Amino acid sequence: MSPQTETKASVGFKAGVKDYKLTYYTPEYQTLDTDILAAFRVTPQPGVPPEEAGAAVAAESSTGTWTTVWTDGLTSLDRYKGRCYHIDPVPGEENQYICYVAYPLDLFEEGSVTNMFTSIVGNVFGFKALRALRLEDLRIPVAYIKTFQGPPHGIQVERDKLNKYGRPLLGCTIKPKLGLSAKNYGRAVYECLRGGLDFTKDDENVNSQPFMRWRDRFLFCAEAIYKAQAETGEIKGHYLNATAGTCEEMIKRAVFARELGVPIVMHDYITGGFTANTSLAHYCRDNGLLLHIHRAMHAVIDRQKNHGMHFRVLAKALRLSGGDHIHAGTVVGKLEGEREITLGFVDLLRDDFTEKDRSRGIYFTQSWVSTPGVLPVASGGIHVWHMPALTEIFGDDSVLQFGGGTLGHPWGNAPGAVANRVALEACVQARNEGRDLAREGNTIIREACKWSPELAAACEVWKEIKFEFQAMDTI
């Protein structure tokens, strides 16, 4: 045995299992600007100290394994290991802690959300020492952000492309989501766009099924877009869902959309995967297409308060991977979304810089430097009576998307679109005049009903509709 091999195998190495906290719990550690920081909500198994649980998370999501290995001596663990550097008990919860973990930047491949998540959340969530584990937030350092392209275009470029300023954009998901032929689908798209909407949308599970193949849908929707544009003088779009079973097929659909000259395509970024999403985002930037992102399957990951991953992390990941719009809840509709928490990750999507604010669920100050912003999309169980609240909550840089709230109008699709456009214009005008949308919202809508019979009919249909359930996503 050579002296070199003898040194590796014997010096400083003792086989066996040792406590994680001896190596990975480092409360004296001063975080670096280049570290990726994570806030985990940790629920240890009975008898497991929080320091050991936090250290276990740091170890298993970086360089650690269940036993001491002699190859530890072949590298610098201090350079590459994750560190649990701070632990806070969760107020009002028994045996639950927020454990803060710092990861050296060298652990992650440049420009890869896939690799970042594989490391940080890929394996540790099944760890037996933990009863539950939730990733609440990430601080992405500027040095890592600059390795990503981010959104294909961003908010300002989109407004310039569409020539639409000073108000939220209006959309509609075509219903029924499945079962329509391509021609009938295109008819519904035309009627909604002709009535005053900016966008219509494929539902997330509309891909290329036997009743409506993707190429037929793309052709009829393009015809609807051009006809509506010619008649209204406004730029229109339809989110053509390019999501497919393979990346190659997805790109083929995006290429066809570009050849048709439409402005925007769509992707289901969680079910489709981050690698596919980043590839599509790169194609969209190179070819002038906007990219709408649907978050189908997000609630499987983020709905439970104690286990999984908060949507603010998925939102940050999307801003890195690339998308110009993303669904973000409504606060007021049928889908989950507590107001302050929702506004917290809406700001993370749009703003260049967000301060740490635990009251809104923001655990870290985050700078996005020159990364373009993403438009949040409010959709799910909303209708004209919600328009004042949505306009006040989300502001101009948003997309307000009414599916049933457009197509469910008693007079048809086009009058439903008219009702939504009139309600939005009335709310924007009232806001610009200094009126309080939160206090006077219903009055503003009723006043607009006097000169819009379409809006009056919509208000009558949905006057009693409410979705009042306790939000599970709380601080």
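Positions of Cβ are set from backbone N, Cα and C atoms, glycine also.
As the structure is a computational prediction, the values presented were derived from the model and not from experiment.
Among the candidates SER62, SER379, SER398, the one that Swiss-Prot lists alongside ASN123, THR173, LYS177, ARG295, HIS327 as binding substrate is SER379. Using a 10 angstroms CA-CA radius around GLU204 (Mg(2+) binding site), the recorded positions that qualify from ASN123, LYS175, HIS294, ARG295, HIS327, SER379 are HIS294, ARG295.
For LYS177 (substrate binding site), the nearest of the recorded positions LYS201, ASP203, HIS294 in terms of C-alpha separation is ASP203.
Ranked by Cβ neighbours within 10 A across all protein chains shown, the recorded positions LYS201, HIS327 are led by LYS201. Listed in sequence order, THR200, LYS201, ASP202, ASP203, SER379, GLN401, GLY403 are the same-chain residues six or more apart from THR173 (substrate binding site) with CB atoms under 8 A from its CB. Most Cβ neighbours within 10 Å among the binding-site residues ASN123, SER379: this distinction goes to SER379.
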